[in-house]
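What Swiss-Prot says about this one:
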COMPBIAS  252-262  compositional bias 'Basic and acidic residues'
REGION    108-113  region 'Important for agonist binding'
REGION    246-297  region 'Disordered'
REGION    360-385  region 'Disordered'
REGION    428-432  region 'Important for agonist binding'
TOPO_DOM  1-30  topological domain 'Extracellular'
TOPO_DOM  91-98  topological domain 'Extracellular'
TOPO_DOM  166-189  topological domain 'Extracellular'
TOPO_DOM  445-450  topological domain 'Extracellular'
TRANSMEM  31-51  transmembrane segment
TRANSMEM  66-90  transmembrane segment
TRANSMEM  99-124  transmembrane segment
TRANSMEM  146-165  transmembrane segment
TRANSMEM  190-212  transmembrane segment
TRANSMEM  421-444  transmembrane segment
TRANSMEM  451-473  transmembrane segment
Amino acid sequence: MTCPNSSCVFEDKMCQGNKTAPANDAQLTPLVVVLSTISLVTVGLNLLVLYAVRSERKLHTVGNLYIVSLSVADLIVGVVVMPMNILYLLMSRWSLGRPLCLFWLSMDYVASTASIFSVFILCIDRYRSVQQPLKYLRYRTKTRASITILAAWFLSFLWIIPILGWRHFQPKTPEPREDKCETDFYNVTWFKVMTAIINFYLPTLLMLWFYAKIYKAVRQHCQHRELINGSFPSFSDMKMKPENLQVGAKKPGKESPWEVLKRKPKDTGGGPVLKPPSQEPKEVTSPGVFSQEKEEKDGELGKFYCFPLDTVQAQPEAEGSGRGYATINQSQNQLEMGEQGLSMPGAKEALEDQILGDSQSFSRTDSDTPAEPAPAKGKSRSESSTGLEYIKFTWKRLRSHSRQYVSGLHMNRERKAAKQLGFIMAAFIICWIPYFIFFMVIAFCESCCNQHVHMFTIWLGYINSTLNPLIYPLCNENFKKTFKKILHIRS
């Protein structure tokens, strides 16, 4: 029996320097049962992942497209590669013909390479999301992600060229044995080493570098958020009560902007009244903040609603003071999240904290310094304009800081995604590094190969396709809830 095929650069004849006696049926039966169970579990779990993403709307995100690509590659390993490996193990020789052998080799190389590249592009996606959250948010669409995934699979399918057409490039290549399933380049050391570097070592080193950057950025962001959260009172303490909106100490003879806005108008009859709009909540989409429609569809950012201000009235001060402010009835003002809300955990609290934070940082307007007396004619227009300008200024500050909070909310989501990526990369490296180290050793020393060790490293790499579907619900609450829903498991 020769060593069966494995991932992108595995060859049958690698262990020809150290042959062992074929195992008998009594020894093979338990092994076949275990390996068959692994194959069935791999197929079942990856089908569950694909069905979960298809059926659950919350999982229709750009990031999960890379998960789907990885699951498809793992599914091919479980459906085609593992069973044929077990069959080859039972037969001790290849008796299914050369065409089926080439099909098996092609599927093995393509699926294993696609799995590696899927983890790689997933890492790049997480890296860009963390390093440039708002800029990449506009660029990060399902179309672009799909193109990237197709490019990764296209590169993976390039393995078919040397597998099927090696003899067209190297006519003097010896004919393979009919009882072996091996590629025509099984003994070409330079080609195997080159492909191992391109397919595994280089992507792995880049992924480790990317993840180090991701970890550093997320850690700095968390430290920054702790400083911000420690600077302002929590939303639960404030309760959005009118009396709690009086922030900051009041200097003698001066009023804070919030107190000015809360002051009831005096009945002077001079200023025009802006009639309040209807009290029905209106859906708000800010072009620079929450108007990314594609992200709403992806489930990353939801909708929010604002109840309009009840009353806005131009209010003059005492006669001759020349100062006017907008008076807003705060008793009915509310900010209510929609049914869908922000899909990210803690998004609502984060947004509310930012609003309260901004309320403390509003700069004083012309309430601190008396303005020049306005002419009697057109005085009410001037006073009304002053109030509206202050409201406009307040809105601009809220919107500007909202941009920063969108970045913060996005980073919170990416922190959890980085955790998921960390587990995926750890499983990937632990499962595949033994095989590729062993491969590099025997590429230069065929007599150093041990068949049983080599067989173990092959299946350890295969088991990576079994572990990946277990990582998704472990690190993603939406996956966990969807899996429980599909399997009818009560929380």
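Just so it is clear, glycine is given a Cβ too, placed from its N, Cα and C backbone atoms.
The structure displayed is predicted, hence computed values, not measured ones.
Scored on C-beta pairs under 8 angstroms, the neighbour of the transmembrane segment (190-212) with the top count among 146-165, 421-444, 451-473 is 421-444.
Within the chain carrying the transmembrane segment (421-444), a Cβ under 8 angstroms from the stretch's Cβ atoms is held by residues 6-7, 9-10, 14-15, 17, 70, 116, 119, 122-123, 126, 189, 192-193, 196, 200-201, 204, 207-208, 211, 214-215, 453-454, 456-458, 460-461, 463-464, 467-468, 471, 474-475, all 6 or more beyond its ends. Taken as a whole, the topological domain 'Extracellular' (445-450) shows an average pLDDT of 76 in this prediction. The DSSP breakdown of the topological domain 'Extracellular' (445-450) into helical (H, G, I), extended (E, B) and coil residues amounts to 3 helix, 0 strand, 3 coil. Residues 1, 4-5, 28, 31-32, 35-36, 38-40, 42-43, 46-47, 49-50, 53, 96, 104, 107-108, 110-112, 114-115, 118-119, 121-122, 125, 145, 149, 152-153, 181, 424, 458-459, 462, 464-466, 468-469, 472 of the same chain lie 6 or more positions beyond the ends of the transmembrane segment (66-90) yet place their CB under 8 Å from a CB of it.
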